[in-house]
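These features come from TrEMBL:
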TRANSMEM  80-104  transmembrane segment
TRANSMEM  116-138  transmembrane segment
TRANSMEM  158-182  transmembrane segment
TRANSMEM  203-223  transmembrane segment
TRANSMEM  229-248  transmembrane segment
TRANSMEM  348-368  transmembrane segment
TRANSMEM  388-409  transmembrane segment
TRANSMEM  430-453  transmembrane segment
TRANSMEM  487-506  transmembrane segment
TRANSMEM  518-543  transmembrane segment
TRANSMEM  563-583  transmembrane segment
Amino acid sequence: MIRIPPKRMNLRLPTEELKPCLLLLVLERHTTFTFFRLLNIGLTLFHYDAGNETFEKLGTTGTQNNLLVYLTTVFNMKSITATTLVNIFGGTTNLATLLGAFLCDTYFGRYKTLGFASIASFLGMLMLTLTAAIPILHPPHCVDKDSGECSGATPWQMTFLISGLGLLVVGAGGIRPCNLAFGADQFNPNTESGKRNISSFFNWYYFTFTFAMMVSLTFIVYVQSDVSWAWGLAIPAFMMLMSCLLFFMGSKLYVKIKPEGSPLTGAVQVIVAAFKKRRLVIPEQPWQSLYNYIPTNSINSKLPYTDQFRFLAKAAIMTPEDKIDPDGLSAAPWSLCSMQQIEQVKCLVRVIPIWVAGFLYSIALVQQQTYVVFQALQSDRRFGNTDFKIPAASYFVFNMLALTVWIPLYDRIIVPFLQRFTKKEDGMGITLLQKMGTGMVISIIMTLVSAIVEQRRRNFALSNPIAVEEGRGAISSSSAMWLVPQLTLAGISEAFTVIAYVEFYYKQFPENMRSIGGSLTFVGAAVSNYLNSFLLSIVHHITKGAPTGDWLPEDLNKGRLDYFYYLVAGLGVLNLGFFVICASKYKYKGSSDTHASQVAMEDLKSEKTLV
């Protein structure tokens, strides 16, 4: 008789759903273990990720990247108007994730939020498709825009368009922060294989995310621009419909965690209570004498006492005025908070410096999405000996290609190699903070390589140009393929740092705030874009009157973009130092310092309350 080891149960499925998995559990004992574990993870991704955010990205990314062209060609908008609308749409989409995460963790739960947001995204894409397919929903086609006689959109046409974009914002605000946490919730963190597969899940999640972007930036954009806007927008709408169907088809298999109310309110209560009791003295053994009631139905794991941010512990000091209800809860939660509430707030406070360190790191990546295009435009883009020129924006595909190749290589080959020497971070070989730091070091090298390549391109443009284009300047004889190394390094750096950040937010936030943690990735991206714009403005303003001239003019040959890259690399070094200091003092959630024997962390219960 074949024995089936129960420790291989990774997914939290109902008992009757485990029977089809028994063969998989047996086969994992043999040489096909890796293949079937990949299949296991792949099926999970298909239900919880590829069936939702991948299709959402296929739709919204393809639409957003070509939205500027759509507004100027179909809706006859002026460039400045269309650019402003696209910027507002992109910024609002990222910031909406914070509101969506709050509503998810506080009121609706991840399943309901994802269901509602998926439907909103589909309706938004459908409305955009209708604006292209139905003539009365967009202005008449303009043959000669230079004549100034083109008809603009009517108020109701603009209303229909803005409504579609608004629904896309609602959909992205609910899907992006909740989908990853919802998918990871399906794995059992109490088993070694579950922990390992959670980490793999984050890697493969980002793999599918990048694949969706590659398809959007190539196939979908091509159909929209060169075939038909109606068909090009209908394809993402159909994919989002498939996303909705796949999501609701797996409804009976999902683990659905019920929200416990506003998690931010509890954090504010701790701060207020600590301020009220700021004059009190913390006892010598706080883990024994402070108020530490834990509700039996709480979805949050029990956390050990830590000595960091000791002033917050004053919120748990019991005074004669403090009263306890018969059920053990504090009668005045704004004056007395439990140690568990305080430790959860400490988790949030610890994350903030690590989050801030990601701002300057992302600025280096942003340059690979903007100025690389301008560099390519003033480089030799000919494909071999032919006259065909590779589109300047297409070089960014090398970034995503490096990312998609590196992720499975890292997850399947490098991680097992690292496991031979270390046993850290749930078997991933290195800790999440070490993974982030590695990516930051690579980004500094990437920026230095960018400066060297730009210096070479500029020298060849000044000494041996192949052409001179009006309004752009001399075209360098240096091949644009010299941009591939820095784009490759950007993809590898992103695979380390960005994926580690996503996993870091999920694991370090309290369980009832994981959707809010997921939104920090997108909020951080928005802040990085704002900081990058501010940095560009400062550099442009300061260098405009410098002896070397403006570093960032329209014609790169007249500027010193390489100096700007060196500046970004210097900021990256300072940011790395800041990150190392913060990481050296960081305490992972659930880790205790000197009192591990007195207060141990309990594992999160697998039998969670279902919606």
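Each residue, glycine too, has its Cβ placed from N, Cα and C.
Automated prediction, rather than curation, is the source of TrEMBL annotations.
For the transmembrane segment (487-506), same-chain residues at least 6 beyond its ends with a Cβ under 8 Å from one of its own Cβ atoms are 180-181, 184, 199, 202-203, 205-206, 351, 354, 358, 361, 365, 368, 372, 395-396, 398-403, 406-407, 410, 432-433, 435-436, 438-440, 442-443, 445-446, 449, 514, 517-518, 520-521, 524. At the 8 Å Cβ threshold, with sequence separation of at least 6, the transmembrane segment (430-453) comes into contact with the transmembrane segment (563-583) through 3 or more pairs. Under 8 Å from some Cβ of the transmembrane segment (518-543) lie the Cβ atoms of residues 91, 93-95, 97-98, 100-101, 176-181, 351, 355, 358-360, 362-363, 366-367, 498, 501-502, 505-506, 549-552, 560, 564, 567, all in the same chain and six or more residues away from its ends.
The stretch from 158-182, 388-409, 563-583 with the most CB pairs below 8 A to the transmembrane segment (348-368) is 563-583. Under 8 Å from some Cβ of the transmembrane segment (80-104) lie the Cβ atoms of residues 60, 64, 67-68, 71-72, 110, 113, 117, 165, 168-170, 172-174, 176-178, 259, 262, 264, 515-519, 522-523, 525-526, 529, all in the same chain and six or more residues away from its ends. Proximity of distant same-chain residues to the transmembrane segment (388-409), defined by a Cβ-Cβ separation under 8 Å and at least 6 residues beyond the stretch ends, is recorded for 203-204, 206-207, 210-211, 213-214, 217-218, 368-369, 372-374, 376-377, 381-382, 480, 483-484, 487-492, 494-495, 499.
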